[in-house]
């Protein structure tokens, strides 16, 4: 581990291990991935916690994200100011939540935030439309999209207020057999 | 109380303010309690208040005295002081002077304060109860903090916040951990804490090490990102299988093969370990070895090589017994591991029955596979999601659209009939071929094809039947998912039928050999008898025994069976590799390079690239494993071969997939079929257990080869061991246990237990469903109620919360110096109330139940977290009470 430790202090690594689901090796790998995104921007010494942000354009060009229809939302949700520019800590956070080890509740919480396009703490019909159009690349007609959104609201909205609260969403996602296996990015 | 702790914590930073905060905090603590607890306790608390505050004032004074030196040890001070307080108060009741000395000795450098505070504490009679309580609360808080540290990673907070919390919690724990031990137990406690820390660190390092030890992680991740999780699931399955086989290999290799090789009689010492004279000259030819004849046949890889000596070597290792037990435990271990992984798989998926209610929601929120990192796969995924949406829409719009039900039915019946014909045909073909091969085996000078006919035919059937089935299945017009299930079932039936026909034919062969055995046995005896008698009457010098190669011997059906399985495995492996090489790689090369000079587009048109056939590969793997299970009893080396096969196929298939396959057009998910595969594996395991159990229980072993030779049945080795090596009474107990009068009731009891447990689980799940319904109904009622009520106060609620939290702080502020709450803290307080990154506080205040439903990780912002986060939990709840009060 000798030369690797120079990027972070020992304590930093321990703390990151406490705060994420990663092992030391994975954290180092993630750091190098992060560093690779913008080699001239990110220093190789993080012992002093420099305030560096990698812009969204670079984050979204990662192979893990570049084909994801929700990459912009993911970056926004995990970035500090909601603009998609990420610090290393945001970056670690993102992949920690998306890792295999993260519990269902945590994943559900962030999935809700990702699908909540207008950040109003509810998934409303507009959010659903956005989701469908992204998932299908706009291949569905307007009527079909509305129908799908209506059906989703019909199924999952347990309090009939015309939008999905976090509670509704978790209630629904708790039963989804595939959620854990699909809401998951390996790195 | 908690406030006190809090202030203790912050002491380090705000040395100057400390005394005043102390005062207020101690003053405030009983007040909170007083509201919560019974009024009886109030007086004692209040009386304790002045004492403690005075005590602290004294401490403060001393602090000012020694300010210079104490600045150096800011961090330790509070905890030490706390310890001291506790100690002194404890001390008062017993013998003060003596213990004081101890304390003095221990905490050198702080003597100046000590006498005063102790005297003060002694003046306060109730000091002890307070500190006891303090202690308990600190303990509680430390536990809470520890819990927080361990669950930190699953909190939905941004990293910066997590780090801050973590540091605070760690500092807190570090500070107060030492203060918790009681009297003499303190050192022990500290030591235990140290050990616990070390243990955690060790565990973490071990976990790091363990994850590094998982092989092929990167390879599989690579594949996963290119082909989605379904293809990767095959490789994960393959890796799992490799692990299982490694364990089996270790078992067999370590307990059977190595002891025999090291301690058993060497090669050439007895007939069963020697190549017979007739085969000797060809025994080393490659063509012979390739068929597992010659030297390989008479090696430790096969059953026949093992001797029936009861013990071998200086260890007195009971090899026949070990052989039998390993054979049993191979099945036992496999059953256990398969069932365990099935159970753990099914635990992950909750409430499968309810998935019908959320068709569209699941499609919407879980259909995108976040693992996809390849644009081609992503394109396919988009298309498949779109089609699945369209399908569901169509299904929704006209759920019963059966236009020509008669035609569909007719076609389906026809297809099933055709497939049944195929299955029967393939079964007969195999039977025929195996029979023919028995003819060939009696003949001399058979060609290579004739020798390997069975394997070739079986592999060809396995290669060509599945596509044929797929073509026929197109008639049926099933939904793709149902179609896949049918297809899998049919291929499974084909493989199973082939395997069992093969087994039946093999069994015929075995019976034939068994019937010949008696004859050969006589011949052997007769030969040996003649040999010794014709020694020429020279009785004094006994003739040396004949060379083992010359002794006539039986056919050893066990080894023959082992060889059949060995050949089948190897040929299966070769056919698989050849198919991959030709069907995938060469095809890909052809398509890739000939595309420039061809009259149509090869990539998009007819040959195109191959897709990775998940179901076929998984089934192939499962059946291969079935053959291993069946064959490993008669060919202990088979598992070793299989380990090699899995290892090579891991690398080879990884390479082939990445180099020459394209992602699936119909990307389907893996998780659903995971347990399906495991179920198939379990079925195959059971089916492969049957023939082995049959041969072990009801066929007599060969008389001159193998560890059980000379016995009537193979399991007699158990009786023998029990009789000879165990004490008498144990033998009696075993005999008693084996009594049918006991076994039949035991089986009955087991059936009853299964029935009972089954009914219990059914009723539980029914109760579960009912409860769920009830909860849903309750929630709806609550929601309706709240939405009426909540909207009325929705505008005020935000203010209410703010005001109330301010009230709470003001309560403290009145007894505090104005500086004790920095403006920054109040700011954070307001921020907390507003919630991070979201504009709507009304949502939270109108639905106080909301955060609790996040499960084990309540989000950062709760309605009653109106206090700065740096506080401990009990502090939060205490202040929370004061906030909530206006609501209620």
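For all residues, glycine too, the Cβ spot is worked out from N, Cα and C.
TrEMBL entries are annotated by machine, without manual review.
TrEMBL has this to say about the protein:
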COMPBIAS  B:36-51  compositional bias 'Polar residues'
COMPBIAS  B:52-65  compositional bias 'Basic residues'
COMPBIAS  B:117-128  compositional bias 'Polar residues'
TRANSMEM  B:240-258  transmembrane segment
TRANSMEM  B:321-339  transmembrane segment
TRANSMEM  B:413-434  transmembrane segment
TRANSMEM  B:487-507  transmembrane segment
DOMAIN    B:556-671  domain 'TMC'
TRANSMEM  B:633-655  transmembrane segment
TRANSMEM  B:676-694  transmembrane segment
TRANSMEM  B:733-757  transmembrane segment
COMPBIAS  B:800-828  compositional bias 'Polar residues'
COMPBIAS  B:836-850  compositional bias 'Polar residues'
COMPBIAS  B:864-880  compositional bias 'Polar residues'
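Contact count against the transmembrane segment (B:676-694) (Cβ pairs under 8 Å) is highest for B:321-339, out of B:240-258, B:321-339, B:487-507, B:733-757. Listed as Cβ neighbours of the transmembrane segment (B:487-507) (distance under 8 Å, sequence separation of 6 or more from its ends, same chain) are residues 419, 422-423, 426-428, 430-431, 434-435, 438, 454, 458, 461-462, 465-466, 469-470, 473, 561, 564, 568, 615-616, 619, 623, 626-627, 630, 676, 680, 684, 687, 691. Residues of the same chain lying 6 or more positions beyond the ends of the transmembrane segment (B:240-258) and with a Cβ under 8 Å from any Cβ of it are 300, 306, 319, 322-323, 325-326, 329-330, 333-334, 337, 341, 621, 625, 628, 632, 636-637, 639-640, 642-643, 646-647, 650. Among residues of the same chain six or more beyond the transmembrane segment (B:321-339), those with a C-beta under 8 A of the stretch's C-beta atoms are 244, 247-248, 251-252, 255-256, 259, 306, 629, 632-633, 639, 678, 681-682, 685, 689, 692, 696, 707-708, 714-715, 717-718, 721. Nonlocal intrachain contacts for the transmembrane segment (B:733-757), taken as residues 6+ away from its ends with a CB within less than 8 angstroms of a stretch CB, comprise 722, 726. If you look at the transmembrane segment (B:413-434), the same-chain residues 6 or more away from its ends with a CB under 8 A from one of its CBs are 453-454, 457-458, 461, 465, 468-469, 472-473, 475-476, 490, 493-494, 497-498, 501-502, 504-506, 509.
Using DSSP to sort the residues of the domain 'TMC' (B:556-671) gives these counts of helix, strand and coil: 83 helix, 4 strand, 29 coil. Per-residue pLDDT, averaged across the domain 'TMC' (B:556-671), gives 85.
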